[in-house]
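**Student:** Sending over a structure as structure tokens; questions will come in a sec.
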Amino acid sequence: MAMWRAAAGHLLGRALGSRAAHTSAGSKKIVGVFYKGGEYADKNTNFVGCVEGALGIREWLESKGHHYIVTDDKEGLNSELEKHIEDMHVLITTPFHPAYVSAERIKKAKNLELLLTAGIGSDHIDLPAAAAAGLTVAEVTGSNTVSVAEDELMRILILLRNFLPGYQQVIQGEWNVAGIAYRAYDLEGKTVGTVGAGRIGRLLLQRLKPFNCNLLYHDRLKINPELEKEIGAKYEEDLDSMLPKCDVIVINTPLTEKTRGMFNKERIAKMKKGVIIVNNARGAIMDTQAVADACSSGHVAGYGGDVWFPQPAPKDHPWRYMPNHAMTPHISGTTIDAQLRYAAGVKDMLDRYFKGEDFPVQNYIVKEGQLASQYQ
């Protein structure tokens with residue numbers, strides 16, 4: 001298929017022998033790495049995305065004779081994850097609390113066959129190393145598209161309307177309308193550009209249409225002409241030409257070696273003074289210090305998002321302390337609705353894996369030594 005291109009190290013992977021997703025019957029060791037629910041774990045029976053919820057598949061897996069270990073302890077040689085790397089067959093992890101799967105960890109994982117992302121975005125995995133080792137990598141494509149697009153729209157409005165200082169005034173017992181109103185704006189009539197127009201980017205453009213914005217997008221590929229006309233979005237082939245036109249810029253591109261550090265000091269300087277940036281894609285697409293400096297200088301009027309690098313973000317991360325931000329932990333794609341969708345998707349792929357069946361083609365990130373085109 002056109003979406004698949006040969007990955008670096010493909011021949012090496014063949015020489016080593018493929019550890020593809022097809023497997024014979026027998027007990028498998030499956031490790032899940034999720035964020036801890038703690039005191040909130042029992043407050044909602046559909047809260048399945050945490051350690052305690054375990055995607056709601058523990059009983060099903062154990063009834064089939066499989067060994068299912070779930071943890072949030074993922075970093076370092078003494079972590080719980082590290083104890084199971086050598087003999088696990090499947091690793092399930094999530095973008096919201098990612099287990100970073102390095103080439104070194106892949107080399108140690110002698111029995112590993114399948115890496116599943118509960119959600120979308122598999123950049124926490126060394127994908128060329130996974131391809132070279134003959135592993136299958138898959139995610140639940142589309143599982144949190146609506147969740148992330150809605151969150152992006154929310155952050156655009158929060159930053160444009162200068163909502164957070166007003167909220168803080170209420171908490172602190174203050175009342176100063178001028179302190180909010182002097183930098184609060186309507187969304188109508190503003191130019192909004194998305195960098196990336198895949199599933200999330202397209203949906204955001206559709207959600208923005210009723211606000212009567214000027215909509216621009218930059219991507220490797222153009223949107224279907226009919227949809228483009230329906231949305232009223234204009235394609236911008238050159239990113240650097242699009243940036244100065246935008247009042248709001250939304251990042252919707254995957255993290256790859258091409259996009260890592262894509263928005264550095266020089267590129268941010270090309271943006272309009274007073275621009276709003278929303279990034280729910282990946283933190284490493286941005287130059288961390290360049291963003292903090294641009295917010296401090298006022299060149300960027302507001303920066304919002306839920307993605308950091310690394311995750312969890314350290315306490316001294318500069319984005320925690322920069323002015324005019326609307327940052328949260330990585331939450332946009334893990335609403336209860338999204339959790340139910342990606343839990344069901346993981347269960348479906350595990351069931352197919354046990355039966356030796358293929359996954360839905362759009363879910364594959366690495367298959368038989370080849371990477372999906374978006375990660376090239």
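Using the three backbone atoms N, Cα and C, a Cβ is placed for every residue, glycine included.
Worth saying up front: this structure is predicted, and the values here are computed from it rather than measured.
Annotations for this protein, taken from TrEMBL, read as follows:
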BINDING   Ile120, Asn144  substrate binding site
BINDING   Thr145, 199-200, Asp219, 254-258, Asn280, Asp306, 330-333  NAD(+) binding site
DOMAIN    61-358  domain 'D-isomer specific 2-hydroxyacid dehydrogenase catalytic'
DOMAIN    154-332  domain 'D-isomer specific 2-hydroxyacid dehydrogenase NAD-binding'
SITE      Arg282  site 'Important for catalytic activity'
SITE      His330  site 'Important for catalytic activity'
**Student:** Provide, as an integer number of angstrom, the distance between the C-alpha atoms of Asn144 (substrate binding site) and Ile331 (NAD(+) binding site).
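**Tutor:** That comes out at 11 Å between the alpha carbons.
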**Student:** Nearest of the recorded positions to Asp306 (NAD(+) binding site) by CA-CA distance, picking from Ile120, Arg282, His330?
**Tutor:** His330
**Student:** If you compare CA-to-CA distances from Thr145 (NAD(+) binding site) to each of the recorded positions Ile120, Arg282, His330, which comes out shortest?
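**Tutor:** Considering only the listed recorded positions, the nearest one is Ile120.
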**Student:** When the Cα of Arg282 (site 'Important for catalytic activity') is compared with the Cα of each of the binding-site residues Ile200, Thr256, Lys258, Ile331, Gly333, which one is closest?
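**Tutor:** Nearest in space to Arg282 (site 'Important for catalytic activity'), counting only the binding-site residues, is Thr256.
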**Student:** Across all protein chains in the structure, which of the binding-site residues Pro254, Gly333 has the highest Cβ count within 10 Å?
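**Tutor:** Answer by Cβ density within 10 Å: Gly333.
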**Student:** Once near-sequence residues are set aside, which residues in the chain of Lys258 (NAD(+) binding site), 6 or more away, have Cβ atoms under 8 Å from its Cβ?
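**Tutor:** For Lys258 (NAD(+) binding site), no residue qualifies.
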**Student:** Write out the long-range same-chain contacts of Thr256 (NAD(+) binding site), meaning residues 6 or more apart in sequence whose Cβ is under 8 Å from its Cβ.
**Tutor:** Asp123, Gln374, Tyr375, Gln376
**Student:** Between Ile331 (NAD(+) binding site) and Ile120 (substrate binding site), what C-alpha distance do you get in Å?
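**Tutor:** Just about 13 Å between their Cα atoms.
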**Student:** I'd like to confirm something. Which of the binding-site residues, Ile120, Ile200, Pro254, has a Cα closest to the Cα of His330 (site 'Important for catalytic activity')?
**Tutor:** Ile120
**Student:** What are the sequence-distant neighbours of Ile120 (substrate binding site), meaning same chain, six or more residues apart, C-beta distance under 8 angstroms?
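**Tutor:** The answer is Pro95, Glu139, Val140, Thr141, Gly142, Ser143, Asn144, Thr145, Gly333.
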**Student:** Would you report the average pLDDT that the model assigns to the domain 'D-isomer specific 2-hydroxyacid dehydrogenase catalytic' (61-358)?
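**Tutor:** Value for the domain 'D-isomer specific 2-hydroxyacid dehydrogenase catalytic' (61-358), mean pLDDT as a whole number: 97.
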